[in-house]
Amino acid sequence: MDSNSNSYSQLQNENSSLPDFIRNSSSQRSTSSIQSFHSKASGGHSVKEDARLVYINDPEKTNEKFEFAKNSIRTGKYSILTFLPRNLFEQFHRVAYIYFLVIAILNQLPQLAVFGRGASIMPLAFVLLVTAVKDGYEDYRRHRSDNIENNRLAWVLVNDQFQQKKWKDMRVGEIVKISANETLPCDMVLLSTSDTTGVAYIQTTNLDGESNLKTRYAKQETQMKNPEKEKISGLIKCEKPNRNIYGFQANMEIDGKRVSLGPSNIILRGCELKNTSWALGIVVYAGGETKAMLNNSGAPSKRSRLETHMNREIIYLSIFLVVLCTIVSVCHGAWLRRHKDDLVLMQFYRKKDYSEPKVDDYNYYGWGMEIFFVFLMSVIVFQIMIPISLYISMELVRVGQAYFMIRDDRMYDKASNSRFQCRALNINEDLGQIKYVFSDKTGTLTENKMEFQCASIGGVDYSGGKAISEDEQTGYSLRVEGQVFRPKMKVKVDPELLSLSKQKHTDEGRHVHDFFIALAACNTIVPLTVETSDPALKLIDYQGESPDEQALVYAAAAYGFMLIERTSGHIVIDIQGERQRYNVLGLHEFDSDRKRMSVILGCPDNTFKVFVKGADTTMFNVIDRSLNSNTVKATEDHLHLYSSKGLRTLVVGMRDLSASEFEQWQSSYERASTALMGRAALLRKVAYNVETSLSILGASAIEDKLQQGVPEAIESLRNAGIKVWVLTGDKQETAISIGYSSKLLTSKMTQIVVNNNSKESCKKSLDDALVMCKKLTTDSDATRRGSGARKTEIALIIDGTSLVHILDTELEEQLFNLSSKCTVVLCCRVAPLQKAGIVALMKNRANEMTLAIGDGANDVSMIQMADVGIGISGQEGRQAVMASDFAMAQFRFLVPLLFVHGHWNYQRMSYMILYNVYRNAVFVLVLFWYALFTSFTLTTAITDWSSVLYSVIYTALPTIVVGVLDKDLSRTTLLRYPQLYGTGQRQESYNGKLFWVTIMDTLWQSIAAFFVPLLAYWGSDVDRSSLGDLWTIAVVILVNIHLAMDVVRWYWITHAAIWGSIVATFICVMVIDVLPFLPGYWAFFHIAGTKLFWACLFGITIAALVPRFVVKIFIQYFRPDDIQIARELEKVENSRESRDAEIEMNPIFDPPRR
Amino acid sequence: MNSDTPSSSAGGGGTGSADTTGARRNSKRPKYSRFTQQELPACKPILTPKWVISAFLLVSVVFIPIGVVSLFASRDVVEIVDRYDSECIPADARNNKVGFIQSSQVKTCNRTLRVPKHMKKPIYVYYQLDNFYQNHRRYVKSRSDQQLRSPGNEDDTSACKPEDNANGMPIVPCGLVAWSLFNDTYDFTHNNQQLAVNKREISWKSDRDRKFGKKVYPKNFQNGTLIGGARLDPLKPLSEQEDLIVWMRTAALPTFRKLYGKIETDLQAGDVISVTLENNYNTYSFDGKKKLVLSTTSWLGGKNDFLGIAYLTVGGLCFFLAMVFIIIYLVKPRQLGDPSYLSWNRNPGSH
């Protein structure tokens, strides 16, 4: 938490200064700020101090000090030698295991040996063994995959020749040659590529999951060199290895020149080289120091809330255990005191009267020590009061639950062919207690598949595209030399606009022409030609980092402006069948300050034009309103209309540059782009200068399609009392419109908007909002009393700038108060770490369970912060999934996940914990009562082996089976009444009260189980072993019937487990009793032959369970909870249906009656 | 439609058609089965009032008769209990009972028993010890089951302390349990005629056959400085020492009986039986009581009213509960599965 708030404040400082590395994306997502944060925090100016020195093509010198890792990787935890100690060490991190180890050791002391040696060690050994085998197997698989990785081959320059070398033998400083479609073996700085301009395209799917191509550049200084012919030497100073995959800071000294290197010059392990026939790189980070490996840490381990609460109850149990042991030892002390004089004579402690020659104390250690020993012995005897088996059962149950979650057909997404994934295995039950859902928007609520919807060009709205169904669309295609080129994606076109785009000479036509040229040119999209099965047909696939740009280029192509080729110097656009070559003279990339990008084109007619596209807020500042005020106004209206439909809008403008303007720009652009210091700021300045007094071309509207079922899912979540917060990098209007379309916001809601630029104004608006909230709630209280109207719902909309002033200050409290009164909270324009800050705010203050769901790298911090983190395994990469606890393909799967599986998991696990506590306590109490009748010496009537097997064999399986399979309500009921989810939120199935009720019940049951046989056999000639067998079987039957009473759904497996356990117990007791070297030989067969035995068993079972049964039915009848009513509803409806069916069937088939 | 998206086949690898067939083959779609979808056929009983009332009535219908029958069985058992520990100490020795019992005086004692009711054979003769902790941890552990079974394990006496060795030789049978073997004896006369007490087959057959060796003979037994109890005939194998076998089945509770023998004749009401007993066993040092018990048995065992009373109580309680429930059901019926009971329907808008 601390580290997080620190880094968060760093981010705030960061906001003012702009990052050096800016992603060239026009999308509205705020990914750039996480990068900026990272690059600053990790790299910064620290390159000089403790830099890593890499001598190019001189691995010997580079590795002189052996300080750099080799390229072999090791994800396996253990080696054969270290496996045993290390695995045991890790296992004993659990307190419970240490407890049992201590007890097992105590039991080895001869004075304390209560159980036989084997019997005392067996359960712990068993558990350790099972876990060790599991860990060992997992590690074996890791080793195997490591081996495969390490033995892959790459071409490495050795003695001025490229030779094949295994990955594991590669070293820092070596020059590596990569061919197209090969995977990179380590992190390398690009030296040269097959492209003359030094461009290489890489795909980072394995790293961050983004499937589009990214461009990386080799420096001109190295691009020209061929290491096979001339020796390259130089020195790269780069930052220490770090896990920031978007940042890299280094400089290279080559040929006496100093060149700075940035993130666009490095290619990372795990990426693939695409569209570039070869590339040369110098290894800078290898093996475990590569960014991919550093990012390879698993999800942080979280602990479920139920388990945290359980630990509190475990403490109660320990206190209870200490109390029991104290009672026994104190009583024993009193007994010894009372028989002080008899001890001399008593055979148990022969003290002084025997063996005349010497006084022989037979194991009598004095009063105090005897009491102490009895105390320790009673801890050993009563050890299972702390249910060790519970921890193992819980793990097994979670595995079972995960199995069913993963296999759930309803959480399988056909489109992406992905199942639900359980990445964390210890928080299943948290899914049933979620109170807050924090959701990312893009890619989570929406598909992040941008579709061009409509455009406003020259003040005219063209949005008729929807009218035409897709079948009629042949789409634009292009014929060149008998080959057909077609864009890979079809776009709906507006027929009017399509005809306009073909006219060249009207005013409107020129407008349209310029507009589409802008769309096709003003971007960083790379067109790729993809072969299809039909040799005459080729598809053009547009690859780029921004889905918005892709959508725009596809749209332009559909209207006949097809981008065909892009090199670093020019682009070729096919305009209505005519190939036009434009020189790209300069490109000002998108940055979050300008919120626009521009491109300067040298047109075929030798004019120079600047095309700009960007967000409306900043674009209207640079558009010259005097030029065409009507168009501007109309466009503004259209923009408003579009964004109210939830569309993402971009404004496009252009300007003709006169020759002098162009030259002025060109010289300053060149100066800026070759500057070594402050290049970004200089470039930005140049951009500001050229992006002025634009004439408006129009605006585009892209639909960010909602994922399937999102509105319904959000509605269900809200009905279940879950508060849904949307945290997005989008601007306020877009966020609100998505809010409406996803039914997050409704027209009935009162919206409170907080967007301020200073702390004072934030405070003021928060205060105002709170007052308003109070007023609204009291108002609605009054009206509700009068008319029964629904409560006014309040939606809070807050933006990132305000959050900067609120989070980590005293205003947090106010925000918390306000937001807890609101049904919906929308946070727009938030940075990734702010997302985490918001989650942390609610998690820590509200003490409620939070769930964060997101798909992108910018959601990682939020996912890790929340109690439950869910990654959407969809479009945007695997980073979110890697950091998540659960991963799924669609937002709407949240509904079955929470309402069905979460509910079941919570119910099952809560019951299981209570039951396990009861199960062990009832056994311990039976042992305890008997200790009171053995002069407090802890003789057990129940054999050692039965004590040990009790929680392992006699009663283990049924609770696991019930924990995995039992369902309190059916899936349909749970989905029909989302309110049933409230059980988990209110912690109705596991709480302190239930725990104590269970303990009281346990007390009674143990009394019944112990005293019925005691009194029935009092003064008879029954022996210890026989009575012990009776108690063993009585307790086992009792706890199993108890479980059976609470099972809701009986499958054949449940039957098999419960009745099977009872049978297994009988068998085990028999087996123990046929071993002639044990004192209890044949005892079971003797006592089971008497009728008294069976009468006792039967009587115990009924007498013990009557109170529980009575309480249960009285609660069910008089104070039924929702689950009970819903269960009855299920039953009633089922029987009604079958009755109806029967009535219908009767006249025709007359089915046989049973 | 989805296969057309740029992302799903991005990377320019294989063509579209190859991708789709590949996808179909590698589909991760979970295989449908009723098990994995948690749709196995299940029975979900629900506690309707009808069920509850029938369950209570059923329990009372079963329990009350059983209770009555067991009470009758217990009443049918005829039991004569005679406590003799203090009576059998001569009056002059009563202030030093321990001294008396440890002395070598003659400890013969005569007791008279009156048969209250007709006793049918077999009549079991028990000795009952009260406040004798045969289940004391030290005591219970002080035995060697290995040694009892086979002559080869004679030296296996490590658990038997302090009665493991005497005079440097292992004791057979070793341990405190064997050492403290009960050694009072009883002789019964009825109408001046010896009343035969059958002391055979008073122990478990399983113990005689497999637990106590046929070839293991008592050795070095009660040869130590202090004599705990009875001596054993060194010529009889352990499997025939039935008193020892009975004694070694240590009792579960501090008040217990051990079978002494069986009288295989009927006794009539009013019969007077005189008992000549040797009062040897020292229970005085720990205030233990000694009783002689003659008892018949029923199908349920000895005389013990507890089980009958318990059954009657539980049965009666269940009957009462059934009545209560019937009344509740009639007075304040609740429609099962009435949605208006759902919390969000009871007080709207509260969630």
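Along the chain as shown, residues are numbered 1 onward.
Backbone N, Cα and C atoms are what each Cβ position is placed from, and that goes for glycine too.
The ATP site recorded in TrEMBL includes A:Asp440, A:Lys441, A:Thr442, A:Glu549, A:Phe590, A:Lys613, A:Arg648, A:Thr728, A:Gly729, A:Asp730, A:Arg829, A:Asn858, A:Asp859, and the single candidate from A:Lys449, A:Lys835 that the record places there is A:Lys835. In this record, ATP is bound by A:Asp440, A:Lys441, A:Thr442, A:Glu549, A:Phe590, A:Lys613, A:Arg648, A:Thr728, A:Gly729, A:Asp730, A:Arg829, A:Lys835, A:Asn858, A:Asp859; the longest C-alpha to C-alpha distance in that set is 28 Å. Of all the binding-site residues listed here (A:Arg648, A:Arg829), the one with the fewest other CB atoms within 10 A of its own CB is A:Arg829.
Spatially, the transmembrane segment (A:314-336) is adjacent to the transmembrane segment (A:371-392); three or more Cβ-Cβ distances between them are under 8 Å for residues at least 6 apart in sequence. Contact between the transmembrane segment (A:95-113) and the transmembrane segment (A:948-966) is absent: fewer than three CB pairs lie under 8 Å, with pairs separated by 6 or more positions in sequence.
The transmembrane segment (A:119-137) and the transmembrane segment (A:994-1018) are not in contact, since fewer than 3 Cβ pairs between them lie under 8 Å (pairs 6 or more apart in sequence). The stretches the transmembrane segment (A:1030-1052) and the transmembrane segment (A:371-392) are not in mutual contact, being linked by fewer than three Cβ pairs under 8 Å (pairs 6 or more apart in sequence). Within 10 Å of the Cα of A:Asp855 (Mg(2+) binding site), the following binding-site residues from the list A:Asp440, A:Thr442, A:Phe590, A:Gly729, A:Arg829 place their own Cα: A:Asp440, A:Thr442. Segment contact holds for the transmembrane segment (A:994-1018) and the transmembrane segment (A:917-942), given three or more CB pairs below 8 angstroms at sequence separation of 6 or more. Across the domain 'P-type ATPase C-terminal' (A:881-1120), the prediction's mean pLDDT works out to 92.
Within 10 Å of A:Asp859 (Mg(2+) binding site), counting C-alpha to C-alpha distances, fall the following of the binding-site residues A:Asp440, A:Arg648, A:Arg829: A:Asp440. Beyond the ends of the transmembrane segment (A:1092-1111), by six or more residues, the same chain brings 1001, 1004-1005, 1008-1009, 1012-1013, 1016-1017, 1030, 1033-1034, 1037-1038, 1041-1042, 1045 to within a C-beta distance below 8 angstroms of the stretch. Counting same-chain residues at least six beyond the ends of the transmembrane segment (A:371-392), those with a Cβ under 8 angstroms from any Cβ of the stretch are 94, 96-97, 99-100, 103, 106-107, 111-112, 114-115, 120, 123-124, 127, 130, 314, 317-318, 320-321, 324-326, 328-330, 332-333, 336, 365, 912-913, 916-917, 919-921, 923-924, 927-928, 931, 936-938, 940, 947, 950-952, 956.
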